[in-house]
Amino acid sequence: MRVLGLNGWPRDFHDASAALLVDGRIAAFAEEERFTRKKHGYNTAPVQAAAFCLAQAGLTVDDLDAVAFGWDLPAMYRERLGGWPHSDSEALDILLPRDVFPRRTDPPLHFVQHHLAHAASAYYFSGEDRGAVLIVDGQGEEECVTLAHAEGGKITVLDTVPGAWSLGFFYEHVSEYTGLGGDNPGKLMGLAAHGTTVDETLSAFAFDSDGYRLNLIDPQARDPEDWDEYSVTERAWFAHLERIYRLPPNEFVRRYDPAKGRVVRDTRRDPYEYRDLAATAQAALERAVFGLADSVLARTGERTLFVAGGVGLNATMNGKLLTRSTVDKMFVPPVASDIGVSLGAAAAVAVELGDRIAPMGDTAAWGPEFSPDQVRAALDRTGLAYREPANLEREVAALIASGKVVGWAQGRGEVGPRALGQRSLLGSAHSPTMRDHINLRVKDREWWRPFAPSMLRSVSDQVLEVDADFPYMIMTTKVRAAYAERLPSVVHEDWSTRPQTVTEASNPRYHRMLTELGDLVGDPVCLNTSFNDRGEPIVSSPADALLTFSRLPIDALAVGPYLVTKDLRH
């Protein structure tokens, strides 16, 4: 079967994406932001991502057996907005406009319940036959948590938690309160390691063996003017935090920055002052999720756990879940957030139509790829000098070993929020100054933000305390004492790191580069962060990579088989 999964709609949506399954295998998968260059793909159908997916597979809409959408939009409109105003044909015209997707007939359109799409993205691509499912996010159609049992290709819902008790919204509201922004929960997670937990209940949570209760908000509270409870929970949490926390909300202001020569958006206080609140919020989140996980594992009798939903991107929480005594195996897809519901919806419909889903494997590289001719044409348009080294991997390794920052744009682009050796900025993991250099000079961001390492899987058991595959940078683990001092730029305050383990099968060129680096510096480990400027999506095309390379103090760019260098001093 050929099933195109979609996420993204013109009203109040984020993370627009498209995924194409052909006979149960991922043929293409991409985020709309990578094409539009507008981060998070807000309030748009995934037109460009869908066009890429079909082009990648050499298909048209007429070749599709089904289109799947990762929300039950008709139910949401009927419940919240007075009725669903579109026929399936009209909805398809919004999602796949005919001027871009000409067709003789419309394929069947399936609206998949949101948490089922999340569950499918984790379970069907895990390679496991059975396990317990835990979905935690901001909110689906109504629920913010789903507990389910996956077995024999079927997903059975056991329990849900209503949206007013959302852990995802709670974490976003705390992030907003600190001045980090509600759409930057990853920053709050990073800040938490610098703080001290004060009271993990926050005078609002009650934790028990089944998860949590929230004494702050009526679980049945509804927002009559919107289709989720974000505003209801925001008002309640901000009022509560102002009562119990020593600092007021960190307000955003506009001020003139002499260094940048323009008016910028900033906060009245340094968000670092809120580090104890960040640590407390992280502890509360973990306590609640651990209870939910233990509950669904006990109720299903399983020891394999599948996790998805936006909260599933919390790598610190995931790393601790992995080591709980109740968990033997755990799978969190690299697209745990709403990016992944296009893939999950496609999988749910494909299974319904009789397909078996192939495991995801150790890669997220399903985006666009560019030929050497296309890369060379982009280079020629810039007028930059470049060359084609006989051993690109060795030269890049030597640059990293000498303290340079290298842009790396190779193969098919990743999908998801993490750069995984396809569109990455690479630096020395051994340099004591590299973290500050990339944070402050290259990426123009907070000094306390951590960086993650890529390392060969063959040495990860020596570097990390947990011997496991970490292909997606979606779990943290502790670094062994001997390596914590050797790899200062990729080890966080609490001696944790969010590793990517690399095998030859998963990424041959990146594996060769890390091998060469190991020969030069002793450890096949490098700092790996996303290749993007502040506030922008990860680069996709050679033109994106070259533009970002020209704007940022990056020393070299390896794009396809070519190497571009410039003389920038740290």
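Positions of Cβ are set from backbone N, Cα and C atoms, glycine also.
Note that the structure is predicted; figures quoted are calculated from it, not measured.
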Swiss-Prot has Glu172, Asp228 down as binding tobramycin; which of Asp12, Asp15, Asp436, Asp444 does it also list for that site?
Asp12
Per Swiss-Prot, which one of Asp328, Asp338, Asp355, Asp362 shares the Fe cation site with His114, His118, Asp137?
Asp338
Determine which of Arg387, Arg394, Arg441, Arg498 appears in Swiss-Prot for the same carbamoyl phosphate site as Arg418, Ala419, Asn528, Thr529, Ser530.
Arg498
If you average the pLDDT over the region 'Kae1-like' (1-354), what number do you get?
97
Which one is closest to Glu172 (tobramycin binding site) in space, judged by CA to CA distance, out of the binding-site residues His114, Asp137, Asp338, Arg418?
Asp137
For His118 (Fe cation binding site), identify the closest of the binding-site residues Asp12, Lys39, Arg449, judging by Cα separation.
Asp12
Max pairwise CA distance, angstrom, over record-listed ATP binders Lys39, Arg418, Arg449:
19
Please report how many Å separate the Cα atom of Asp338 (Fe cation binding site) from that of Asp12 (tobramycin binding site), as a whole number.
13
In the same chain, outside His114, His118, Asp137, Asp338, whose C-beta lies within 8 angstroms of the Cβ mean position for the Fe cation site?
Gly70, His115, Ala117, Ile135, Gly138, Gly140, Ala308, Gly309, Gly310, Ser337, Gly340, Val341
Arg418 (ATP binding site): which of the binding-site residues Asp12, His114, Asp137, Asp228 is the nearest Cα neighbour?
Asp137
Rounded to whole angstrom, what's the largest C-alpha distance between any two of Asp12, Glu172, Asp228, listed as binding tobramycin?
16
